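Here the structure comes first, spelled out in structure tokens, and everything after it is commentary.
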Amino acid sequence: MEHADADRTRVAPEIGSLHDEDAEADPARAREMERLQPWREQVTARGVVAAALIGFVFSVIVMKIALTTGLVPTLNISAALLAFLALRGWTRALERLGFSPRPFTRQENTVVQTCAVACYTIAFGGGFGSTLLGLNKRTYELAGNSPGNVPGSYKEPGIGWMVGLLLAISFAGNLSLIPLRKALVVDYKLTYPSGTATAVLINGFHTAQGDKNAKLQLHGFLKYFGLSLFWSFFQWFYTGGNACGFVQFPTFGLKAWKQSFFFDFSLTYVGAGMICSHLVNLSTLLGAVISWGIMWPLISKHKGDWYPANIPESSMTSLYGYKSFLCIALIMGDGLYHFVKVTGVTAKSLHNRFNRKSVSNTASEEGDMVSLDDLQRDEVFKRGTVPSWMAYSGYFLLSIIAVITIPIMFRQVKWYYVIIAYALGPVLGFANSYGAGLTDINMGYNYGKIALFVFAAWAGKDNGVIAGLVVGTLVKQLVLVSADLMHDLKTGHLTLTSPRSMLVGELIGTGIGCFIAPLTFMLFYRAFDIGNPDGYWKAPYALIYRNMAILGIEGISALPKHCLSLSVGFFAFAVLTNVARDALPARYKKLVPLPTAMAVPFLVGASFAIDMCVGSLVLFAWNKMNKKEAAFMVPAVASGLMCGDGIWTFPSSILALAKIKPPICMKFTPGS
């Protein structure tokens with residue numbers, strides 16, 4: 001967002017009007033607001049069970065995405081929808097059986113959504129498709145024999161150490177900013193657009209109109225869930241070999257198929273394309289055309305000149321090196337620009353606040369605009385306080401545990417690296433959370449990349465790769481989770497949910513995720529060929545992050561011939577596109593591509609970009625035919641497509657472990 005203050009004033013009236021409309025449409029809402037449940041009653045056993053099930057399903061989905069392309073869409077809206085459908089369906093079923101279940105409130109809905117999101121966030125935020133997988137032997141071998149990639153600098157995945165690492169690093173971020181939650185949410189009135197959007201959705205569910213829509217949404221979800229599950233099951237029968245089945249269907253001909261331009265019938269990515277914006281989807285397609293349609297064929301013509309002809313193309317000193325480092329250049333250019341931008345916006349906003357003439361003047365200026373609803377939300381938010389001493393004590397205790405355990409797991413990580421990371425955590429977390437409240441951009445991954453570079457360079461050649469990957473994961477988790485919690489607290493603020501119940505839901509979800517994510521990952525890791533650059537499970541970000549660590553150790557000497565010049569060009573392109581997006585009028589912004597979205601196909605191929613664009617096409621057509629219906633049905637249908645295809649991965653992995661192979665291999669060859 002280019003003008004955070006303008007966005008804030010735009011969003012707030014919309015929320016207020018929606019609340020007013022809700023109150024008019026549902027008179028019972030006013031009575032419900034007067035008798036809010038105590039925070040302990042907002043965290044229910046049925047809610048935790050529902051959150052665990054939703055978290056498991058979404059963990060499987062995002063794990064599949066993280067291990068194939070790495071471009072994971074935001075599923076918070078889908079989580080809120082499924083939480084509502086599950087618990088509303090449960091209470092209705094009990095009522096029909098003659099029972100009198102406790103009412104299902106928007107506060108319980110909010111806690112369940114928070115718990116489920118915290119659970120599945122571990123599946124992609126924990127680094128299973130990036131930093132943690134970058135530690136394994138296959139990624140070490142793919143990175144090649146460079147000086148920074150020293151022999152033995154790998155650690156094979158294991159449930160024990162992965163669960164231990166996640167338990168050591170995933171909770172502290174939830175506590176670091178608890179004492180500042182009132183300042184960020186109430187005093188500064190930060191928008192946190194994603195949290196606000198989720199709150200508006202949940203408030204809309206718990207109205208008379210929302211109840212009517214829920215029946216249609218449930219029907220749509222179940223219909224497309226069943227369709228997606230059956231299609232995935234049907235496809236499985238034709239994948240009995242290498243490069244077989246509908247996932248290798250040469251939609252645009254065999255020449256295009258060789259350059260990965262084909263539709264692979266992945267309903268997971270069709271659903272993701274319906275959730276992501278048209279700009280994201282078209283950016284991935286543009287990246288696919290530039291890389292697989294233009295760049296890689298041109299670079300391949302210099303085989304034997306730019307890189308040796310007698311080594312496989314999957315080697316880092318071959319074509320794959322160009323793919324990897326040009327992808328990194330786009331991601332780093334995009335990330336650095338946003339880092340500078342958000343830091344500048346944050347500093348400017350804080351400077352303006354601290355230079356106000358007096359608090360009393362500000363209060364008198366804004367006091368007239370405060371509604372009774374706002375006062376009640378603020379009162380509920382302040383009343384559900386969590387003692388600062390408890391948050392500080394918890395953070396300190398978790399820091400001590402991490403300082404002791406992480407160096408035991410990884411001898412390359414010195415204890416003082418961990419102390420520095422935890423000391424910086426609250427400072428970086430506040431800057432990131434404040435920026436996310438203004439811009440809706442969570443910079444946790446960028447802080448993690450910077451930490452990866454710094455600690456890899458600091459640790460040196462022998463220890464740098466593992467130290468950089470592990471400490472980068474630690475910093476990313478500390479910063480990422482604190483901003484996610486503030487988004488959730490904003491949702492709770494607007495749904496009159498106690499901060500205590502929100503924090504409890506967040507901690508429960510995180511704890512569940514610390515076990516579900518490693519178990520799901522290890523199931524996939526043992527059943528499928530994870531990390532094969534020529535296979536389906538490419539896991540591109542594992543090699544990207546390992547190469548970042550090597551780059552931090554070696555500098556530009558790690559790059560293949562002419563790769564530096566190309567990387568500088570792509571880095572500059574990423575920066576300039578962002579400058580153009582912020583400088584151009586609003587109507588032209590949609591024409592400027594997103595560099596990070598463009599970068600993903602560089603390694604994983606064009607097929608997933610085509611899947612995403614099919615999802616965009618479905619959304620576009622639906623909006624043209626019936627925009628009102630599409631507004632509330634698209635999240636349900638997209639969730640059904642993603643859940644059905646994603647859940648099939650679970651039984652298919654069990655079949656693979658049991659050595660049960662599909663009976664048919666469907667391939668396509670040129671005609672005679």
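Yeah, the Cβs are placed from backbone N, Cα and C, and that goes for glycine too.
According to Swiss-Prot, the protein has these features:
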COMPBIAS  1-11  compositional bias 'Basic and acidic residues'
REGION    1-27  region 'Disordered'
TRANSMEM  70-90  transmembrane segment
TRANSMEM  115-135  transmembrane segment
TRANSMEM  158-178  transmembrane segment
TRANSMEM  218-238  transmembrane segment
TRANSMEM  279-299  transmembrane segment
TRANSMEM  325-345  transmembrane segment
TRANSMEM  390-410  transmembrane segment
TRANSMEM  418-438  transmembrane segment
TRANSMEM  450-470  transmembrane segment
TRANSMEM  504-524  transmembrane segment
TRANSMEM  556-576  transmembrane segment
TRANSMEM  602-622  transmembrane segment
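Below 8 A, the CB atoms of the transmembrane segment (325-345) and the transmembrane segment (218-238) form no more than two pairs separated by six or more positions in the chain, fewer than 3 in all.
If one looks beyond the transmembrane segment (70-90) by at least 6 residues along the same chain, the residues whose Cβ comes under 8 Å of a Cβ in the stretch are 46-47, 50-51, 53-54, 57-58, 61-62, 101, 104, 108-109, 112-113, 116-117, 120, 124, 129-130, 194, 197-198, 201-202, 205, 211, 214, 217-218, 221, 272, 275-276, 284, 539-541, 597, 600, 604, 608, 635-636, 638-639, 642.
Among residues of the same chain six or more beyond the transmembrane segment (158-178), those with a C-beta under 8 A of the stretch's C-beta atoms are 122, 126, 132, 184, 386, 388, 391-392, 394-395, 398-399, 401-402, 405-406, 409, 422, 425-426, 429-430, 433, 470, 473-474, 477-482, 484-486, 503, 506-507, 510-511, 513-515, 517-519, 521-522. Of the candidate ranges 115-135, 390-410, 418-438, 556-576, 602-622, 115-135 has the most C-beta pairs within less than 8 angstroms of the transmembrane segment (450-470). Remote same-chain partners of the transmembrane segment (556-576), defined as residues 6 or more beyond its termini with a Cβ less than 8 Å from a stretch Cβ, comprise 146-148, 306-307, 316-318, 321-322, 325-326, 328-334, 336-337, 547, 550, 595. Each of 115-135, 279-299, 390-410, 418-438, 602-622 was scored by its Cβ pairs under 8 Å to the transmembrane segment (504-524), and the highest score goes to 115-135. Sequence-distant neighbours of the transmembrane segment (390-410) (same chain, 6+ residues past either end, Cβ-Cβ under 8 Å): 155, 161, 164-165, 168-169, 171-172, 175-176, 178-179, 418-419, 422, 425-426, 466-467, 470, 474. Contact between the transmembrane segment (602-622) and the transmembrane segment (279-299) is supported: at least 3 Cβ pairs lie under 8 Å, counting only residues 6 or more apart in sequence. If one looks beyond the transmembrane segment (418-438) by at least 6 residues along the same chain, the residues whose Cβ comes under 8 Å of a Cβ in the stretch are 1, 4, 8, 172-173, 176-177, 180, 184, 188, 190-192, 342-343, 345-346, 349-350, 395, 399, 402-403, 406-407, 444, 447, 451, 471, 474-475, 478-480, 482-483, 486-487, 490.
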